[in-house]
Structures are given as structure tokens and as C-alpha cells.
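Among the features that Swiss-Prot reports, [4Fe-4S] cluster binding site is placed at Cys68, Cys69, Cys134, Cys163, with the record citing sequence analysis. Sequence annotations record features per position, and here Swiss-Prot assigns region 'Disordered' to 1-25.
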Amino acid sequence: MKYTLTLARTNQDDDSVYPEQDQKPVADPLDKQIEKNVYFGKLKNLLHKAVNWGRSNSLWPYNFGLSCCYVEMTTAFTAVHDVARFGSEVLRSSPRQSDFMVIAGTPFLKMVPIIQRLYDQMLEPKWVISMGSCANSGGMYDIYSVVQGVDKFLPVDIYIPGCPPRPEAYIQALLLLKKSINKERRPLSWVIDDQGVYKMNMKSERELKRKDRISAVEFSDTD
């Protein structure tokens, strides 16, 4: 029997399609419009807020999982956690009907072309959440068959640490994604506004809550 080994895209031409995380802070594009035309600038600001409000409160996840972190993700959809409070309870079985994809589990090398194809089938705007240590950095699988991080072949918006993360961590990631979407600036159409995507420069929650972690001296049982 003949076997075919499918490798990840490593050519230089493919790097432009799925670049690694390369973000740089830029100024809000609405500031220039407000200076040129105060009325039109305020109108665009209201339109962006209305569109972002609708997108952030109706996030449909793609029903996709790779490993044990997927079990923790589906636990968040039970009545105990009630993820429907955030408008993200509608699991979609097709990437064309979903808003974001959660890479929950170990990204094996053979799965990379499949994940990339599913990501390409998603309609804009779309987002990616990396859930678990294996998806973030390969975890404990530092071997030839596991990609050391999803951001090697997909743009990632939110990282969830843990092995595996708790369902509460997934809910916190949804809240962070909602916060990021509310700060985004996307073109309203192909003739109006700049044809570029401006995203929020999010800082690590570990650094933001560093003082709170250091000041904690007593720990209680999570249960």
C-alpha cells in the first residue's frame, strides 16, 4: 500500500496567504474623517458601532474540534454555563454559516491543509480562537507530527491557555473577542471607507492582571 504524506505550506509564496502574527499599532482611521468632515465622521462612527454591536452579539461558532479541548468547549454549551447569554449558542456544521473557528486540540501536520481549507470557506468577517496549550504552542507534543502553534498557518485573534482550559476560560475568550470586535474598523462597503481592517491592539491578560496575581496570598477551592 502506498502512503501520501501531506506537509504544511512552507513555501515563501504561501507565507503571504497565512502570515504569522505580525501586528503593529495604528491610529484610528475615523480620526482623519472627523477632521475632514465632522458630520460624516460622526455618522460613520455611529454606523461602525451599530455594525460591530450586531457582530459581537451574534457570534456563531463552527462545530469543529481536534482533541480533548473540544470536550471542554462543548461543556460551555450546557445549561450550567449557558453560553446563550452571549449569543454564541448556535453551533454551525458548515464553515460558510459560522463567524469564528475554535482550534481546540492538537493541530497535527496532516490536519493543516484541512484546517486551512475550512478557514478559507468561512465568509468575512471571521475570527480564530486558539484553545489549549497544544493549539497555542504544541503543548507537550514537541514531535515531528504536531505543528508548534496554530499561528504558524492561521491568523489567531484570541489565545486560551490551559491543558485543558476550563469552560469558564472559553467564555472569557468570547468576552475578549466581543471586546475586540467592538473596537474593529472594517470597510462598510467596497466604495465607502478604507479597504483595510483595523483591529484592537490587545494586551496579554497575564500582564494586565499581574498586580492582582502578585497581591493574592490566600487561595480558595474553585469548587
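The backbone N, Cα and C atoms fix where each Cβ goes, glycine too.
There are 28 other CB atoms within 10 A of the CB of Cys69 ([4Fe-4S] cluster binding site), with all protein chains counted.
Taking each Cβ in turn and tallying the other Cβ atoms within 10 Å, the top scorer among the binding-site residues Cys68, Cys134, Cys163 is Cys134. Surrounding the centroid of the Cβ atoms of Cys68, Cys69, Cys134, Cys163, where the record places [4Fe-4S] cluster, the chain contributes additional residues within 8 Å, namely Ser67, Glu72, Ala104, Gly105, Thr106, Met131, Gly132, Ser133, Ala135, Gly139, Gly162, Pro164, Pro165.
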